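Asks: What follows is a single structure, and I will ask about it in a moment.
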Amino acid sequence: MIPEIGQFALALALATALVQSVLPMLGAARGNALWMRSARSSSIAQLVFIGIAFAALMQAFVVSDFTVANVVENSNSLKPMLFKIAGTWGSHEGSLLLWVLILAAFGAGVALFGSNIPDALKARTLSVQAWISTGFLSFLLLTSNPFERVFPPPLDGNDLNPLLQDVGLAMHPPLLYFGYVGFSIVFSFAVAALIEGRVDAAWARWVRPWTLAAWMSLTAGIALGSWWAYYELGWGGWWFWDPVENVSFMPWLLGTALLHSAIVTEKRDAFKSWTILLAILTFSLSLLGTFIVRSGLLTSVHAFAVDPERGLYILGLLGVTIGGSLTLYAWRAPSMEGGGLFAPVSREAGLLINNLLLATATGTVLFGTLYPLFMEALTGDKVSVGPPYFNATFIPIMLPLVVAMAIGPFLSWKRADLKGVLQRLWFVAVLAGLAGLATWYLARGGPVLAYLSVAIAVWLLIATLREWAVRIRLFDVPTAEAMRRARNLPRAAHGMTLAHTGLAVAMLGFIGSTAWKSEEIVFVQPGSVIEIAGFDVRFDGVETVRGPNYIADRGTLAVSRNGDSVTTLYPERRSYPVARSSTTESAIRSTLAGDLYASLAEPASETVADQGAWTLRILYEPLVNFIWIGAAMLVLGGGLSLSDRRLRVGAPRRASRSGPVATPAE
Amino acid sequence: MLWVLFAVLAVSAVAILLHPLLKADAASTDRQEGAVAVLADQLQEVDRDAERGLLSNDEAEAARIEIKRRLLKLGRRRPARGRAEAGGRGALWASALVVPLVAGLLYAQLGSPGIPGVPFADRQEERGEQAQIAELTERLRERLQGDPEGGPTEGWMLLGQTYMRMGRFAAAASAMETVIERDDAASAMLSQYAEALVAAADGVVTPKARNAIRRAREMDPSNPAASYYEAIALDQAGDSEEAHDLLVSRLEQAAGPAPWMEIFVAQANRIGEAIGRAPVNLAAFAPLAGGAPGPTPDDVAAASEMSAADRAAFIRSMVDRLADRLAESPDDLEGWLRLANAYGVLGETAKAREAYEAADALATDLPSNDPRRQSIREALSELGG
């Protein structure tokens, strides 16, 4: 019965979205306050009904109700409870349900917390949000119904892909979706502004918290995803330039550009048209990502062609959304008034460079991601575009960006004194150079690019801290006075410092774990000792252990350094009999300086398996944890900025001029 | 109960959507005033920053002038509309009422209100039965394996068939594999073995399965299962025309209706659609098959909502109905066969034998190679022994 409640609630949500697509938009056009206000209740209704549907599906997973086809395919009665719950969004249908749930959450968020946003803008924005909602809810109900039933129910389910059976991954899609889908509301704001024909400083400020919220969760989602890949896949890498990663990274890059260009719109009334375009493109890339991941295009263009219904539906949605919004943009954007002027050296110019480089970087990633798909579709050849392409194109764009990023915050608006700024920064440059040299002295080896990158990361780190110190006049005035100034600094300023510092920290992690990684892949027998990065790792054999729904071979590795015992690692290979597949559980000794990472590959061969010979993969990745510490700082920085009270300034609220009570019933 | 909850959901949808009507003192915010408020805040911020020394006096002054200029420009801008339009309550009512209507139509297309939710924890009994079957199967396997003479062929086939029903296709194939090379291996055994192999390979006819199909067809060219899997193999190898021809020609050879014909027709039409052949109709090959009375869709739907005890009683009543009907018109061979089969399922062997005997009497008029005669004989020998 409960699955049917979910089904009906979903149908109600679609019907509500249809009404919300029309009524508030008409209300805004005709100045009808009642119709505009209806956006608020229908947004909330959508969230409530999609929430009920989601809860119903989750209930089916929790109690293992195998009358629901989706539960049969993606769960199993033996699965641990946490992963039963995560199974709710583990499948195609479930993840789309989560998608629309988050879409509705952002809509309802604006309805509930956007009291500073003028009625007409809010009504239009929520109507546009309902257009997206209508598209995806109908996609869900017509091609991917999560509440499809089976009767009589099979005895048990077919399990969730055990690779996905992981705490990090259980939490990953919700966060990633929160970011990805969160940009929908920014898109809706942009389209609403185009319809309204008005983009100004106030618009930029009203949109900012929503952009920040989406950006933060996308950042967290991507970081969590790479963390998962790092410790679950057993390859020791944290980023593979895999299409699934790329499609989440592209909205992040453009979203970052948007975050910065919106500052210029807010402060100087400039970059308006560009900001709107970025808002449209960022969400378009999110949609493209959904299309690529959800259409099955990635597995193979051929597989897509065999069962094209779902893919074509999303492709149609994609075409209508992107094509429609860009047409609207082409039509309305030229009429937007230009904003404040600025000199070639100024904060605006710095942010322009940021935007151009980020957009170019997005372009290279987009090309590398789509090229293989087009090639396969056109010629039938499978080509793969891997890390060499991305390293060769992406890094040369990002390094100048980071160099400029350190200078940007020192520049003043309109016209800046570059010479003065560089004078302030020369000693930072010296320190950065010294850091590069020191690394070379310590590491002696690795590519030249790595030393350059270390120097640039240190440059960003120190310059960012220096900028903060200048702002609060640390060292110029007594410390107590400096601290008082720090307290008075707007939270957004602290947020920027934290986020920029976070990027520098993460960069050190990227460089350290890539350039100075040590890796050993060896055959081992009990008693074998492997030396790596100053550690002695002794293999003590493999035993079989049982988990709740898997059987594992667990290796024991005694780690010591200079004869002193450091730790014992237990890498596992788990096999899941129900799903007939296996996973690698790496064992990691994590420290700030670096990770010692061990994973167990298959027995060396069938015949010698009895003698305990195994293939072992051991890695040492210096500074790798800096990546996630840096990512956490980025997210916290965004959070600080979001908490800035200035983001809540809006119009004073006042009683409606024509309250319904005053007018008798029609 | 379900419909009550649907009604509650629908009513709450309408209530939420009508909520704007209640908000008598609803506040409204104007675009113009909003923009002014933001600029005023920016102005204050410049003052604060200048006070704190974050901005030099010149910078602060420039910023103030710029913001004030923008404020002035805002003031010149005419509001888009003088007065907000009131009313429009009718449209709100209409749209609120449309929502449950549209949702109801959608649900009518998508929903399955008759299917109850069945949590795993409520299926102890079913699992118990399954566990019992699994245990019996295990015992059978042990007995067969322990047999010094290798175990009887029928025993291994029974084990394989049981595994098939449990969905353990690979186990089924390996059980049958033990006996298919024996001298008493029949065509039907080989085609069952092939079926297990295909099921274990997720529907792909492997070379091993193809081989078994070939042998089955050599032993008995009319074996429907072997013809069926041969057609699947041909289709998978790209010879869809040949596959279609094979299915249709086997249907044409059929003497009278048989249960396998339905799936042949479905498969032929599936393949035919891809290669542009006109669909075939079951009635063309077996005039009797379409008309046989059986449980109606309503009966099935009713049965699916019952408890296990009710369901047994329901099935019993259907069987009794059939038995009564046959007592009145005893010339219905298909009817007797269905009744016999039903008694067999219910475990009433004596009644099953009676029904088969009645069928056997009618079957004497049939040609000697009719598959029904063979199945009656097999059933009787099974029940008799």
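Cβ coordinates come from backbone N, Cα and C, glycine included.
Automated prediction, rather than curation, is the source of TrEMBL annotations.
The transmembrane segment annotation in TrEMBL covers A:6-26, A:47-72, A:96-114, A:126-144, A:207-229, A:249-265, A:274-292, A:312-331, A:394-413, A:425-442, A:448-465, A:493-516 (among others). Summarising the annotation, TrEMBL assigns domain 'Cytochrome c assembly protein' to A:89-296. Feature annotation from TrEMBL assigns domain 'Cytochrome c-type biogenesis protein CcmF C-terminal' to A:315-645.
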Asks: Taking a Cβ cut-off under 8 Å, which residues six or more beyond the ends of the transmembrane segment (A:126-144) line up next to it in the same chain?
Replies: 10-11, 13-14, 17-18, 20-25, 28, 39-40, 42-43, 46, 50, 92-93, 96-97, 99-100, 103-104, 106-107, 110-111, 184-185, 187-188, 191-192, 195, 309-310, 313-314, 317, 320-321
Asks: So which residues does the transmembrane segment (A:493-516) touch in its own chain, when a touch means Cβ under 8 Å and the partner is 6 or more beyond its ends?
Replies: 238, 402, 405-406, 409, 443, 445-447, 449-450, 453-454, 456-458, 460-461, 464-465, 467-468, 471, 486, 594, 621-634, 636-642, 644
Asks: Suppose you look only at the domain 'Cytochrome c-type biogenesis protein CcmF C-terminal' (A:315-645); what would the mean pLDDT be?
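Replies: Summing pLDDT over the domain 'Cytochrome c-type biogenesis protein CcmF C-terminal' (A:315-645) and dividing by its length gives 87.
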Asks: For the transmembrane segment (A:394-413), I need the partner stretch with the highest count of C-beta pairs below 8 angstroms, choosing only from A:6-26, A:96-114, A:207-229, A:425-442, A:448-465.
Replies: A:448-465
Asks: Could you pull out which residues elsewhere in the chain have a CB under 8 Å from any CB of the transmembrane segment (A:448-465), counting only those six or more residues past its ends?
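Replies: Beyond its ends, the transmembrane segment (A:448-465) has Cβ neighbours at 395, 399, 402-403, 405-407, 409-410, 425, 428-429, 431-433, 435-437, 439-440, 497, 500-501, 503-505, 507-508, 510-511, 514-516.
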Asks: Ranking A:6-26, A:96-114, A:425-442 by the number of C-beta pairs under 8 Å to the transmembrane segment (A:207-229), which range is first?
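Replies: Selected stretch: A:96-114, with the most Cβ pairs under 8 Å.
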Asks: Which sequence-distant residues neighbour the transmembrane segment (A:425-442)? Criterion: at least 6 residues beyond either end, Cβ under 8 Å.
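Replies: Contacts of the transmembrane segment (A:425-442) (Cβ under 8 Å, skipping residues fewer than 6 from its ends): 406-407, 410, 450-452, 454-456, 458-459, 462-463, 466.
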Asks: For the transmembrane segment (A:6-26), find every same-chain residue at least 6 residues outside the stretch whose CB is under 8 Å from a CB in it, and list them.
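Replies: Distant Cβ neighbours of the transmembrane segment (A:6-26) are 32, 35-36, 38-39, 42-43, 45-46, 49-50, 52-57, 60, 97, 100, 104, 123-124, 126-128, 130-131, 133-134, 137-138, 140-141, 145-147, 195.
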